[in-house]
Amino acid sequence: MNKGGAQQKGHSSKQAENIVLVGRTGNGKSATGNSLIGKKVFASKAHASGVTMKCQTHGVVTKDGHKINVIDTPGLFDLSVSAEYISKEIVRCLTLAEGGIHAVLLVLSARTRITQEEENTLRTLQALFGSQILDYVVVVFTGGDVLEECKETLEDYLGRDCPTFIKEVMRMSSNRKVVIDNKTHDEGKKAEQVHKLLSLVDDIRRSKCGEAYTDDTYHMIKEESEKLRKHHEELESKNYSEECAAEMKNQSLILYKENLKQMSEQLEKKLKDAAEAQEKALSKMTQENNELNLALKIHIPLPPITPCNIL
């Protein structure tokens, strides 16, 4: 898979904008999706049996005319999640994103400390889609009610203890960030929050000239889906018996799923390779730091330290 490309799509009443929610479990992805939709369609962690286990999608036309397709992902980037599971759900996500990805909402929480899992989210996104995906990222901070209670702005919160990698994400995503209170019952506030968030999505559309993010995997999925559709149409146009047509459709569906599985396995390998490279880079950096500390203690010259870009 290459670093990704873009697919020309105008902002029209016919083409929905695909907005993908990513982030750690418990950060409020599903609640943010519900705020965008305007009603509860995605189950949140607060409901024990309702945590998102598979990518889900829901489309809506907002009050100000945005036609959006919100894709809620499970906690794909939690540290406990396997590369196999991530890859399968990414393929599912791309299948749901007809026309490409128009925005990725990286959901963080102002209620909790930003952890290694958030940094893992960023690394995994880049490993899967390349650094160009950051051109489509909006950083969403949930827990706006907590900041209000503390009489803090988002800038106050970030100024207190903002990890370097978050600053880097915001820099690379043109500082597109927003705070949202998913618990508010104030209809005016709800509308204002959604408007502000979708304005940032519009900023992405304008900066990319209406082009959605796509990559090799997306195009392969689209090609397989189109082949399946055409084959089913061809079967329906011929005089096969109902039983025979159903059997042939089932066989083509099995082949389609097998091809998607192969794509998933390719992504899984890509993730594992990226994780291995990251581990080696961290190990090398640790070794060089240890050598530096030792040299400072015994005052011996050292060779120059090789720069190591973690992100």
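Glycine is no exception: its Cβ is also placed from the backbone N, Cα and C atoms.
Swiss-Prot lists Gly23, Arg24, Thr25, Gly26, Asn27, Gly28, Lys29, Ser30, Ala31, Ser44, Asn182 with the feature GTP binding site, giving similarity to another entry as the kind of evidence. The number of other Cβ atoms within 10 Å of the Cβ belonging to Asn182 (GTP binding site), over all protein chains shown, comes to 19.
The feature coiled coil is assigned by Swiss-Prot to 218-295. The average pLDDT computed over the coiled coil (218-295) stands at 87.
Taken from Swiss-Prot, the feature domain 'AIG1-type G' covers 14-222.
The annotation region 'G1' is assigned in Swiss-Prot to 23-30 on the grounds of sequence analysis.
According to Swiss-Prot, the feature region 'G2' maps to 50-54, an assignment based on sequence analysis.
Residues 20-26, 29-30, 33, 42, 51-58, 81, 89, 93 of the same chain sit 6 or more residues outside the region 'G3' (72-75) yet have a Cβ under 8 Å from a Cβ within it. According to Swiss-Prot, the feature region 'G3' maps to 72-75, an assignment based on sequence analysis.
Among the features that Swiss-Prot reports, region 'G4' is placed at 142-145, with the record citing sequence analysis. For the region 'G4' (142-145), the list of distant contacts is 27-28, 31-32, 107-111, 179-184, 193: same-chain residues at least six beyond its ends, Cβ to Cβ under 8 Å.
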Which same-chain residues, if any, lie at least 6 apart from Ala31 (GTP binding site) yet have Cβ under 8 Å of it | Phe42, Ser44, Thr142, Asn182
Given the GTP binding site residues Gly23, Arg24, Thr25, Gly26, Asn27, Gly28, Lys29, Ser30, Ala31, Ser44, Asn182 in the record, what is the largest Cα to Cα distance, rounded to whole Å?
-> 16
What residue among the binding-site residues Thr25, Asn27 has the most other CB atoms lying within 10 A of its CB?
-> Asn27
When you scan the chain for residues with a C-beta under 8 Å from the region 'G1' (23-30), skipping those not six or more beyond its ends, what do you find?
-> 42-45, 51-52, 72-75, 77-78, 105-109, 112, 115, 117-118, 121, 142-143, 182
If you count Cβ atoms within 10 Å of each one, which of the binding-site residues Gly23, Lys29 comes out on top?
-> Lys29
